[in-house]
Structure formats: structure tokens, C-alpha cells
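What TrEMBL annotates here:
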type     : residues                           : note
DOMAIN   : 9-461                              : domain 'Aldehyde dehydrogenase'
BINDING  : G220, S221, S222, R223, T224, G225 : NAD(+) binding site
ACT_SITE : E243                               : active site
ACT_SITE : C277                               : active site
Amino acid sequence: MTQFIKGQWVAGLGHDVTSKNPANNEVIWSSKTATPEQVNAAVDAARDAQFDWFMLGFDARLAIVEAYRTQLEEHKAEIAEVIAQETGKPQWETATEASAMIGKIGLSVAAYNKRTGHTENDIPAGRAVLRHKPHGVVAVFGPYNFPGHLPNGHIVPALLAGNTVIFKPSELTPKVAELMLKLWEKAGLPAGVINLVQGEIETGKALAAHPQLDGLFFTGSSRTGHILHQQYAGEPGKILALEMGGNNPLIVKGVENTKAAVHDIIQSAYISSGQRCTCARRLYVEKGAQGDALLEQLASAVKRIKVGAWNAQPQPFMGSMISEVAAKGMVEAQTNLLNLGGESLVELTHLEAGTGLVSPGLIDVTRVSELPDEEYFGPLLQVIRYSDFDEAIKLANSTRYGLSAGLLADSREDYDYFLARIRAGIVNWNKQITGASGAAPFGGVGASGNHRASAFYAADYCSYPVSSVEADVVSLPANLSPGLSL
Ligand SMILES: NC(=O)C1=CN([C@@H]2O[C@H](COP(=O)(O)OP(=O)(O)OC[C@H]3O[C@@H](n4cnc5c(N)ncnc54)[C@H](O)[C@@H]3O)[C@@H](O)[C@H]2O)C=CC1
Ligand SMILES: O=C(O)CCC(=O)N[C@@H](CCC(=O)O)C(=O)O
């Protein structure tokens, strides 16, 4: 029983699917997908539950969301373990994902109150009131790289605002989704308030196309996000929030502490085996001896990064990629860049057939004249040597994406110059460009998003404002308008 519809666990009626531990290919979950009819049933259930959920009021909704937080706390170790098993990420890292899921509750409540909520102001003979109402029934689409934290980042604010949800997780991480729903069930969420439909693209398509949705909150690839954007063209009444990928630049300029710079570069490019939308993909290093020395230090550190299974002891820095297919895709991306004129500094290799284990790669693509503006979603960092800062910024901006960007430089002046010119939603200085805070908005421009930033600003797309001018009784104004007599 792997679909959760109207408060009941039911079997999928579609075709067989499995989820595998990508570090050893062991099947850890199997089921059948939800059919389009089951997707319809899930949307109907969400619609039936929505008004009552909204009318419960914020405090009652919050009590259930708080009960979910308690469940997350009590099952934190299990959540971290299931995420690690299903994604291949090491346990030290999935423990931080489980903590982020817990932290999301408090942050979402703060955001609800700050960004939406309820305000009143006195006006002559009455008051102006601002309230927010939920959109209604919304679909949440999740990616595989943060299968708990990122869907949670849409679901929690959506529920707090009074929406009901149909959750379609990544087909690569169904077991994490199932565990999340079991915890919501234990928290006492009324039937129909969240529904889970598991499956592949067909399930996603059936859900996204459902006419009864009031909104769709998506975190995933730019390719799928663009398809959804086209699909929602001509539907101004529906809210579409797209959190997509990036081809993120990191520039190094005039850094004294090169060891610290190497650390920030590694944390930016290789954490989660490069499977974060915020990961640095392109590294800009000044031409000359200083740049050569930095690259030498970086290459040496990259070669020493430990890669291993999610539960290996001692823990590796990088776990497995999500699948063997993803690992092979990275080898292919590297071959493509080499064929275009790239020069390998550290070769990315597929470590073990049948698994997603790859070693990190570093490639100098300075001589590639037509560098593909692609997000290679894995641990392969492209190096580009530059002559002056303006050139570096111009190259950094030459992407259709605009999610994250960073500068490692000891001069504040350089940072101000960079900040004014770089085009991205997350811009960091002397800090890694991954690991964004949930207390800040999170989103990108260009092909990275549609100006519906998530994290702290998720509250914004979970409700719409209702402005009212109100008085307790009907009364005549002190002065009638000219030309009126009653
Ligand atoms: N900006 C952000 O906040 C983040 C963006 N990402 C991006 O997500 C990507 C990795 O995640 P994936 O799971 O591979 O993304 P994906 O786009 O392949 O899948 C995301 C979801 O969409 C569904 N889907 C795929 N095609 C569909 C279609 N035609 N119609 C309806 N649904 C469809 C999938 O089944 C899945 O549930 C990377 O590109 C990464 O940069 C990941 C995390 C955060
Ligand atoms: O949503 C939040 O609370 C903050 C955003 C966040 O956690 N970003 C992470 C993951 C992004 C990704 O999936 O690739 C990050 O910046 O590393």
C-alpha cells in the first residue's frame, strides 16, 4: 500500500516500480504506480478536505503541524537513514537534511506571520484589514536530491496557509515520501489534507494537467520546469512556483588564504556529489602564477576527497550519485567537454559498475570556445582562467540560468563591484555557495525560476492577499458627495 489518498493507504493500480540503494543496487522499495484515475481521486480528496481545513483556523492547523514536528524529531534517525539509503548521500549529510526538515516548521510559522498573516489599520469610520487566503488545492513536485527537505519546504507553508496538497515525489525517492506521509498521518492530519501519488512522468503529467488544481509548486530540473510553464500558459488563475537548476559560477580573486579558498570551492562544487542546484559548476581563476598555485592545491585536495557508501565508516565526504545512469551521464558530460577541447585536471571516474559511485572531477575548459550552458548535475567542476575581473564577471553571467553565484576575494570593493553586476538570486562572498539558509528567500532568475522564491518566501506563493475596508454598521459619511441628497 504505497499511495495515500483520502486518509487511506491504497495499492497503486499502475505498473511495477522499484527504488534501489544506488551504492549497491539492492531493491529497498517496490510498488505499482498511481494511475490517472488514482490521481483524480487524490485531487478530489484534496478538494473535499480543503474548505474544512481552512476553516479550522491557523491555530488548529498549527497544532497539527507542530505534532508533525514532534514526529520528525522522534523519527529523526530513521529519516536520515532512509534518505541515505535511497539517495546514496552519506549519513552525516542526511542527518543535516532531517534537521532542516524539523527547522522548517518554526521558519514557516515565522514566515507566515511576517510575509502574510493578518493586519488591521484604523481609517475614518472603519478599518482596513489585510488577510490572506489559501489558493485551495495545490500539487507539490519534489526532486530526488533533497527528497525530504525540499518537498517539505513547499508542503509545510502550504498547509499552514490552509491549502490541501497532492504530493508527487521523485520516482527515485518514493520510500522517503512514504515515510513522510506516515509521519503526517501519525500527527493527526485530517483525511484528504495531504495525498501521496507515487509514479514516474505519467503520474506527474496526469497530476500537472488536472483541471482542479489551483496551484503547482515544483522543485526539479529546468527542462521539466519549462514544460510545466508552457503547460500553465493561459492559466493566470493558477499559481505556479518553479525552483529549477543552475549553471552556477564561482570567481576567485586576490585571496590570501588559499587553503580556505580550496575548502570553500570543494564545499561549493562537490558536496552531495555535486547534486545540489546551488553547486558551483564553473570556477573562474585568474591567469598567472597565483592562479596556477591555487589550482594545483585544489586538484590535490580533490584527488583526496573520500567517496563511499552512505553507511561507510569512517564516513566519506561524497556518497553515491542517485543512480548508475546519473553516474554514466557525468562520465559522458566529461567526455563531451574533453572532445570540445577541455583538459582534465582530475578525472571523474565511475568507480564501480552497477552503482552511482563516482570520483570527483576537475576540468579546465578555458580553451573550449562554445562551452555548453548545461547544468551537469554531479561532481564535475569546470575551470576557466580569466585575465581581468570584468572578463570574469562577464563570463560568469554568460548563462541562461541565475541561481547562485559566489566571489572568493579579500577585498570588499571587489565584492561590491561583483554584487552590482552578477545576475543570480543567491550571491555569496567568501562563503560556499551551497547550504542556503531557510531563513532567507531561495530562488533564482532566468532559467532557474519564475520569480516565486521559496524557503522564507514560500509563504508568499501559498496564499493570496484579501484587502477589506470594514465598518461594524452601515452609516452615512459625515459629508455627502456633491450632487447627492438622500
Ligand atoms: N532551485 C531549486 O530549489 C532546486 C532545483 N533542483 C533541480 O532539480 C533537478 C534534479 O531533480 P530531478 O528529480 O532530476 O528533477 P526532474 O525535473 O527530473 O523531476 C522533478 C519531478 O517532476 C516530475 N516530472 C518529470 N517530468 C515531468 C513532466 N513532463 N510533467 C510532470 N511532471 C514531471 C518527476 O517525476 C519528479 O517528480 C536538478 O536540475 C536540480 O538543479 C533540485 C533541488 C533544488
Ligand atoms: O529551502 C530552504 O530551506 C533553503 C534552501 C536549501 O536548503 N538549499 C540547499 C539545497 C538546494 C538544492 O537542492 O540543490 C542548498 O542551498 O544547498
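Using N, Cα and C of the backbone, Cβ positions are placed for all residues, glycine too.
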Practice problem: Starting from the Cβ centroid of G220, S221, S222, R223, T224, G225, the recorded NAD(+) site, name every other residue in that chain with its Cβ within 8 Å, sequence order please. | Solution: F218, H226, I227, M244, G245
Quiz item: 10 Å Cβ neighbour count around R223 (NAD(+) binding site)?
Solution: 11
Quiz item: Relative to the Cβ of G220 (NAD(+) binding site), which residues of the same chain, six or more apart in sequence, are found under 8 Å away?
Solution: F141, G142, P143, S170, E243, M244
Quiz prompt | C277 (active site) and S221 (NAD(+) binding site), Cα-Cα, nearest whole angstrom | solution = 9
Quiz item: When the Cβ positions of the recorded positions G220, T224, G225, C277 are compared with the atoms of ligand 1, which fall under 6 Å?
Solution: G220, T224, C277
Practice problem: Would you mind checking how many other C-beta atoms are within 10 angstroms of the C-beta on T224 (NAD(+) binding site)? | Solution: 19
Self-check item: Pairwise CA distance, G225 (NAD(+) binding site) versus C277 (active site), rounded so that it is a whole Å
Solution: 13
Quiz item: Which recorded positions from the list G220, S221, S222, G225, E243, C277 come close to ligand 2, meaning a Cβ under 6 Å from one of its atoms?
Solution: C277
Exercise. Whole-number Å only: compute the distance from the Cα of C277 (active site) to the Cα of S222 (NAD(+) binding site).
Key: 10
Quiz item: In the structure shown, which of the binding-site residues S221, S222 has the fewest other Cβ atoms within 10 Å?
Solution: S221
Quiz item: Including all protein chains displayed, how many Cβ atoms other than that of E243 (active site) lie within 10 Å of its Cβ?
Solution: 28
Practice problem: Kindly state the mean pLDDT of the domain 'Aldehyde dehydrogenase' (9-461) in the predicted structure. | Solution: 98
Practice problem: Within 10 Å of the Cβ of G225 (NAD(+) binding site), how many other Cβ atoms can you find? Include all protein chains, please. | Solution: 23
